[in-house]
4 protein chains.
Amino acid sequence: MGNSFGRLFRITTFGESHGKALGVIIDGCPAGLELDLDKIREEMQRRKPGQSKITTQRKEEDDIEILSGIFEGKTTGTPIGIVIPNADQKSKDYSHIADKFRPSHADYTYFEKFGIRDYRGGGRSSARETAARVAAGAIAKQFLAAKGISIQAYVSQVGDLSMQIPYQELDLSKAEENIVRCPDPATAEQMIALIDSVRLDRDTIGGVVSCVIKNTPTGLGEPVFDRLHAELGKAMLSINAVKGFEYGSGFEGVKMRGSQHNDAMVKEEGKIKTRTNHSGGIQGGISNGEDIYFRVAFKPVATIMQDQDSINEAGEAVTVSGKGRHDPCVVPRAVPIVEAMAALVLADYLLLSKTNKLEEI
Amino acid sequence: MGNSFGRLFRITTFGESHGKALGVIIDGCPAGLELDLDKIREEMQRRKPGQSKITTQRKEEDDIEILSGIFEGKTTGTPIGIVIPNADQKSKDYSHIADKFRPSHADYTYFEKFGIRDYRGGGRSSARETAARVAAGAIAKQFLAAKGISIQAYVSQVGDLSMQIPYQELDLSKAEENIVRCPDPATAEQMIALIDSVRLDRDTIGGVVSCVIKNTPTGLGEPVFDRLHAELGKAMLSINAVKGFEYGSGFEGVKMRGSQHNDAMVKEEGKIKTRTNHSGGIQGGISNGEDIYFRVAFKPVATIMQDQDSINEAGEAVTVSGKGRHDPCVVPRAVPIVEAMAALVLADYLLLSKTNKLEEI
Amino acid sequence: MGNSFGRLFRITTFGESHGKALGVIIDGCPAGLELDLDKIREEMQRRKPGQSKITTQRKEEDDIEILSGIFEGKTTGTPIGIVIPNADQKSKDYSHIADKFRPSHADYTYFEKFGIRDYRGGGRSSARETAARVAAGAIAKQFLAAKGISIQAYVSQVGDLSMQIPYQELDLSKAEENIVRCPDPATAEQMIALIDSVRLDRDTIGGVVSCVIKNTPTGLGEPVFDRLHAELGKAMLSINAVKGFEYGSGFEGVKMRGSQHNDAMVKEEGKIKTRTNHSGGIQGGISNGEDIYFRVAFKPVATIMQDQDSINEAGEAVTVSGKGRHDPCVVPRAVPIVEAMAALVLADYLLLSKTNKLEEI
Amino acid sequence: MGNSFGRLFRITTFGESHGKALGVIIDGCPAGLELDLDKIREEMQRRKPGQSKITTQRKEEDDIEILSGIFEGKTTGTPIGIVIPNADQKSKDYSHIADKFRPSHADYTYFEKFGIRDYRGGGRSSARETAARVAAGAIAKQFLAAKGISIQAYVSQVGDLSMQIPYQELDLSKAEENIVRCPDPATAEQMIALIDSVRLDRDTIGGVVSCVIKNTPTGLGEPVFDRLHAELGKAMLSINAVKGFEYGSGFEGVKMRGSQHNDAMVKEEGKIKTRTNHSGGIQGGISNGEDIYFRVAFKPVATIMQDQDSINEAGEAVTVSGKGRHDPCVVPRAVPIVEAMAALVLADYLLLSKTNKLEEI
């Protein structure tokens, strides 16, 4: 259970980190969308391992093969099946932890839940699963782009290095110009240096990914449980290593008074707007047309190159240590994953919003 | 759409703040649960308005009537239908905002989405809807209690007054001994004074509700999209005025290194445990048996007793001001709502976990 | 589980035959629909007991109370909550079967499933639950009517008395002119006589309800599992006492050759049509714009006024006999139920169809 | 939408008849099931084309490749991804109908719904999609077998040749001993001769598949909308070419009186049973432990080797005729498909039934 996401634009993923392949089925993508396969591959490149010195040096080509749902370059409205072969499996690397539970991984909980686990690289619990999400999200993004909606994520914090510049004052397109994906070049340099020093310590560190969605139409979001930000939150919290989500004013908004926090409404140049945007583009769970923005907290990667106390399947005390090639900080590669999940949420709610008013049916 | 929550323990709510009644259907509550109606009423009392000087002075009795699903005091496995009449409707109070959009409310977004809105007190977007959640959550709590699981929430922050004591060092049962529901009496007094001063300013202020779930069995949570904390996050973000959610180490965990953050595993007195609990009782989206704890950020209530700039349905500039009786700070009354939503999530995942292993089916 | 139906136009029902009330929540009805409450009441009248000599003489007023979702006469897009009080409960009537399982009822299976049952008149398994469906269906019908779609059911068979006239040659509006709801007056008279004689025998008899849906747009239905006729079939099979469903040529079509059965396509007066309609208006699970028609088989009512062998909860042999007031044949009252369920299916698929093509989004 | 089936044992299929591959993801199969891959392949063989003179002579190897969800021979509780490559695509065969709508196919309705269609062999609407269902159903069958439940389907009617022997008097294992899959050898011979003559006429003919499920535990089925037979009906009606479904006494039961139709309950050798089984093993939508049996009506295959009137995408009158290799009668190959869908339904309800009683949770 739990391997599907969305209602009308719905994905289902499968695959373990060291199985034959990962994959995803997208059900509900509207017909008639001209798909740019290169753009899907670009997104895969942004997520793939081995892309810079601050990411894992594992090599995965992350080629995608589309098996269905496209005819003569366009979506047909039938399910889009995508397979991503696992090229670099190296299962032998994992024999040393076959019966050990790595601290703060899902080893123990999967074993408790299912009574069995695929110990090769975490199996299904590996962040490798997110490759399938990025492929699906790349299609959702193209659907949204056809309707004018754009999504841009970036790294805003690594460890306690937090970029203080509001997104409105940043040129977000610069995020892709450095390997840590922070749009402020000065902060980016510091972040890279920090990650590099953590890596040399055989340690890992956390970070924050921020995301901005522009040009959302009003009316997206379903009261009361399926508020737009509630589903965005769930989407982000479903990404490996995420510990928190906040949108608009977030946890800082707690400290404000209503008279500061409320977003006064104005009409400018014939368009209804809010003067401030502490609401983060969503009021009562429904988009109001302003920018949607949110922040996602990632913990430090659990695999470290140091000895740690743990137990094995027999309940005996053991020592475990990471081996091989792992990310010292997950956020640079998490940027496209955050965007993918945001795109999937928006695509789903855009479809849902087509059935709200009698006169539009 | 969006008025249901849960899969196997599933609720559907209805009702507007000034309609005839609110209500909820609970589908999937296991048969044979002896229901204590007084405990349901107690939860309603914790949420209801007018309970202290720092909450709204509105009067709602919040009586519940159970229409189905119970026979001779026990649940029968059939849907439990509950109605909560709206006693104190006073629709006339709202004529002054009938065609105006209140800043940072859902007025504008509902109007944009549906082309129509019930302007009486926010209609469906009112936090009054959470009364139905509390009734349903009170039943979920009794189900969980029968399986040994307990849930306790409390206020840990109001404005910038943040209680710094970890929950392990608190006597959580003291939370119900003061009107702000903070288990530390000294902080509670300060919080009450702060809310009172904000109220005299005709303003409002935000806060944080923390929650601890004890005695959860291992194995709750569904990889990969329906991780336990992802659904908890969605549940919390679906509560009115919530802007953020974090669990375990949360946003602070970002600053840590993996070597600090990882929870070493040990076996003590025959029981597998973790030495620390930065994971917040959930690893890979599945419970590991440790305490689950999380924090929920609430913005300041949008209704303030001050003039604010806004527009009306015709798009003209207008001034709006709150009237009547509103909460200066929502967190004291939000405590039982947070618990209710947590209980609903846990009940659902407990049922889902019964189908994981072939040998247990 | 299982008390909800539909995806975008979704209902959830609750209530037992002898509890306080039945009810239904409709989630997803589009906003802006002007509701005619009298028409809802008319549908309730068509289903209610005691309406003629060939139906049960029980008295239920089946008044509906709408608690939410309507504002100033129009739907608001929020859930419509409806309660139907149980006026005529008479629980004492059922003491004689409190621990006995009535043959071919759900008594034994509910007891096995839930370990507990509400023995008063079948509790949740009673056909009284369909009152809630009729109320919801009456709203779905008004939504469909606003889009030009009409649904008409009628009785086409009672016992072995089968009306052989194709629906195209009938004036279906005449179905409501007699108490058995057969549009052919001559057959209707025979059917009434047959039911009356069965009733005097203290026995019951089965029947068939036929249904025609006119003016459906093309494109309704979701491949591959959620074909339009598959969901119609499920909807009908979910009605109490239903044993079979067929659409278009149905079981008779089995005997035909492809060359006879295929519906040749033609264009007449600028409109694409089929020359015959063995397909029943649905091809590949998707509506083609022709009339949709289907037949629903109802078994004889299980409650008979005769002694029958059975067992009790202790597993001992007992004799049971029906008491009180029951229908000798269910089909006259099943006509509005079949229409209601058909309307709910069509409303749901009409909404789903709004998200098929990129250019329409 | 609509490409998933089931709730807890849930499948999602993808693929067109002439795309690169078909496939299916199974989410929710319990962990610890030892999978026999040969048995899956056997089921594929039973469905595959070209297996006898009365089926299409198309060649498809229908090899399956399992990409995930299995580790060391056992299910892990994670999604099982299966791909079935399309070996024999021959797309050029279909150019003659590229812009024509074949009568009684889904060509026109897909075009209307999506504004685009994959004309190669029906694309997604082809019965080739059922290969994915058979693969998934073969796994569901193994799960059910581990719990003692067995499913056996067979051909009981071809055209007007209907086998009148009740299933209780048949040796169902003989169904697989002849190419038409009728367990009565004499009738089987007649059926084969009939299909052969129809084929020589360049025509097609319909048929009925019957199915028996043995050893179902009591308590499967979810009131009220998700009755066990309602979901079985939907499952069957979702198979290509199906026009009707009946269970237990079915349409014939309509003619009976309650006193004949009711299944008296008895206790024999310590086991509660019914003397007759007109209920078909299901009462009130819930299994009572008796055999479940039902019948599924298939129309004659729409592709015939004869000229037929139709129109093209431009709305012009055209003549179409089948080419290539098609089944003169679908029922022999439909037998494993019916079993697969029945297995998927039973597997799902078996899991759902684990959450009914408090004391079992």
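Each Cβ is built from the backbone N, Cα and C atoms, and glycine gets one as well.
Predicted automatically and left uncurated, TrEMBL annotations should be read as such.
Sequence-distant neighbours of A:Arg47 (NADP(+) binding site) (same chain, 6+ residues apart, CB-CB distance under 8 A): A:Asp62, A:Thr130, A:Ala131, A:Val134, A:Arg333, A:Pro336, A:Ile337. A:Arg47 (NADP(+) binding site) falls within a helical segment according to DSSP. Annotation comment: TrEMBL describes A:Arg47, A:Lys53 as NADP(+) binding site.
In the shown protein chains, 29 other C-beta atoms lie within 10 A of the C-beta of A:Arg124 (FMN binding site). Per TrEMBL, FMN binding site is recorded for A:Arg124, A:Ser125, A:Ser126, A:Asn240, A:Ala241, A:Gly284, A:Lys299, A:Pro300, A:Val301, A:Ala302, A:Thr303, A:Arg325.
Ranked by Cβ neighbours within 10 A across all protein chains shown, the binding-site residues A:Ala241, A:Val301 are led by A:Val301. Listed binding-site residues A:Arg47, A:Lys53, A:Arg124, A:Ala241, A:Lys299, A:Val301 compared with chain D at a CB cut-off under 8 A give A:Arg124 as the close ones. Across the fold, the C-alpha of A:Val301 (FMN binding site) and the C-alpha of A:Lys53 (NADP(+) binding site) stand 16 Å from each other. Cβ neighbour count for A:Thr303 (FMN binding site): 25 (other Cβ atoms within 10 Å of its Cβ, all protein chains included).
Of the recorded residues, A:Lys53 (NADP(+) binding site) and A:Ser126 (FMN binding site) place their C-alpha atoms 21 Å from one another. For the FMN site listed in the record, the two most distant Cα atoms among A:Arg124, A:Ser125, A:Ser126, A:Asn240, A:Ala241, A:Gly284, A:Lys299, A:Pro300, A:Val301, A:Ala302, A:Thr303, A:Arg325 lie 44 Å apart. Sequence-distant neighbours of A:Ser126 (FMN binding site): residues of the same chain at least 6 apart with a C-beta under 8 Å from its C-beta are A:Glu16, A:Ser17, A:Asn240.
With the fewest other C-beta atoms within 10 Å around its C-beta, A:Lys53 stands out among the binding-site residues A:Lys53, A:Lys299.
With an 8 Å limit on C-beta distances, the binding-site residues from A:Arg47, A:Lys53, A:Val301 that reach chain B are A:Val301. A:Ser126 (FMN binding site) carries neither a helix nor a strand DSSP state and counts as coil. According to its DSSP assignment, A:Lys299 (FMN binding site) is coil.
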